[in-house]
Amino acid sequence: MNNHVVKSDIFWGYLSQFLNMGSYLILLPIALYYLNEEQMGLWYVFLSIAGVTQLLEFGFQPTISRHTSYIYSGAKKLSSVGIPDRNCSGDEINIKLLANFILASRKVYFIVSIAASIILLIIGTLYIYSLNSNIDSHTIFFSWVLYSISNVTLFYFGYYNGILKGRGDQTALNKVIVISKVTNIVVVIPLLVFGFGIMALSIGMLCSVIVDRFLISRAFYNDRYNETKLAISTVITENLLSLIWTSSWRLGFVQLGSFLILRANLFIASSFLGLAAAASYGLATQLLSVLIIVASMYFGLQLPHMNSLQFTNSKDKIKKIFSISLVIAWFIFIFGFLCLIYIGIPLINLVSSGTKLFELKYLVLFFLAGFLEMNHSLCTAYLTTLNRVPFMWSTIISGILIVFFSLISIKFLGYGIGTLVISLFIVQVCFNNWFWPVIAYNNLGLTFFEPFKIAYLSLSGALTNSKKV
């Protein structure tokens with residue numbers, strides 16, 4: 001297995017994540033021009049309901065990726081907690097273990113896709129029709145059904161992504177994302193121009209998913225990975241469903257907490273402040289999500305490598321990779337936020353037919369909360385390389401408190417959308433934003449400013465070597 005990140009991996013990684021979330025940014029000016037405020041608000045409700053079903057994923061994908069890394073690094077047996085034992089022969093892959101693990105992963109995602117179907121097509125439909133809207137009911141129905149089918153399809157084949165990442169084939173995965181998102185853009189733009197409205201976004205999503213899953217399946221059975229084909233044809237001797245569950249359930253509750261922290265406020269906005277407020281909050285959340293994902297991309301590319309290094313107890317190498325990845329994320333986030341303030345907001349105001357971001361003071365606070373959220377999330381992502389999830393309860397409690405304070409402020413005290421931002425910031429800064437970075441730094445033996453020093457020395461060394469060449 002090759003988990004070392006090279007320049008081409010970084011290129012495809014950033015391009016895929018730019019298009020993964022950036023496709024929405026590319027489409028955003030056109031959508032804002034052709035869709036009214038209600039339609040944009042409804043689309044953000046679609047996204048948020050889909051976010052609820054993402055909770056069903058319950059941490060399975062990072063767990064599958066992590067355990068796949070262990071298998072390809074030579075693990076002889078998997079453990080639900082802690083680093084597993086290694087084969088005496090080094091990196092030799094245990095084909096039977098891989099076969100058992102692939103089958104268990106497939107079963108998990110089959111169950112998840114069934115549950116997602118129920119939530120999206122029954123509960124989601126009832127919620128959408130409970131909202132006050134002037135949009136044609138047939139348009140809402142068909143748009144929602146197409147969008148739901150797309151999400152269920154993604155779930156059904158979701159285990160492919162985790163195994164591809166874990167075996168070090170993330171670049172192939174990123175190439176697929178690029179092609180599928182370009183498909184989405186190519187389909188949506190003309191449909192919006194020809195007046196398909198919100199249905200254009202759903203049709204584009206479905207076409208993108210079909211292309212994505214077809215190419216992912218081809219990458220999964222790539223000839224370079226004969227052990228995967230051997231595993232598929234191997235007789236199953238052990239059921240690893242319980243191992244995946246016991247390794248994942250904590251991350252699943254973390255995802256629940258994260259949803260409450262970042263997404264639940266949009267439901268509060270749409271239910272108590274209307275679809276126009278939901279459009280404003282949803283737009284800000286979308287922009288923040290794009291920025292966090294792009295800024296965190298290099299760190300995410302390095303995560304499988306850090307999993308493998310934990311397996312071989314290479315602490316110094318992890319320390320260097322962690323520090324450089326973290327500093328890169330900080331600088332990209334700050335640069336992106338400045339671009340949003342001076343370029344993005346004027347552009348949105350120019351092209352939008354009604355949807356606006358909220359006041360600048362709340363927007364700055366919202367993105368400050370997002371920066372701190374990203375920072376501590378990257379630190380907790382590092383902690384998962386130890387095959388432990390110590391941050392579950394703090395994430396859940398924080399999410400519940402944010403929802404509680406937001407509801408009290410809006411429903412009973414009559415405050416506006418700014419209180420959603422304030423509750424998010426205050427709750428997170430009280431504990432999560434500072435505690436988990438401290439734990440991660442202590443585990444790696446880092447001081448507060450040491451990541452800057454390590455990143456600077458690494459950059460200086462790279463520049464010196466390039467001059468010599």
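Even glycines carry a Cβ here, placed using N, Cα and C.
Look at TrEMBL and you will find 12-35, 41-60, 108-129, 141-164, 185-211, 231-248, 260-277, 283-301, 321-343, 363-384, 391-410, 416-436 tagged as transmembrane segment.
Listed by sequence, the residues of this chain that lie at least six past the ends of the transmembrane segment (141-164) yet keep a Cβ under 8 A from its Cβ atoms are 46, 50, 53, 56-57, 60-65, 68, 102, 105-106, 108-110, 112-113, 116-117, 120-121, 124-125, 128, 170, 172-173, 198-199, 201-203, 205-206, 208-210, 212-213, 216-217, 219-220, 228. Tertiary neighbourhood of the transmembrane segment (391-410): same-chain residues 250-251, 253-254, 256-261, 264-265, 268, 272-273, 380, 383, 416, 419-420, 422-424, 426-428, 431-432, 435-436, selected by CB-CB distance under 8 Å and a gap of 6+ residues from either end. Below 8 angstroms of C-beta separation, residues 261-262, 265, 268-269, 273, 277, 280-281, 358-359, 361-362, 365-366, 368-369, 372-373, 375-376, 379-380, 383, 391, 394-395, 398, 401-402, 405-406, 409-410 of the same chain, each at least six residues beyond the ends of the transmembrane segment (416-436), sit close to that stretch. Packing against the transmembrane segment (185-211) from elsewhere in the chain are residues 19, 23, 26-27, 30-31, 34-35, 39, 42-43, 46, 135, 139-140, 142-144, 146-147, 149-150, 153-154, 179: each is 6 or more residues past its ends and has a CB under 8 Å from a CB in it.
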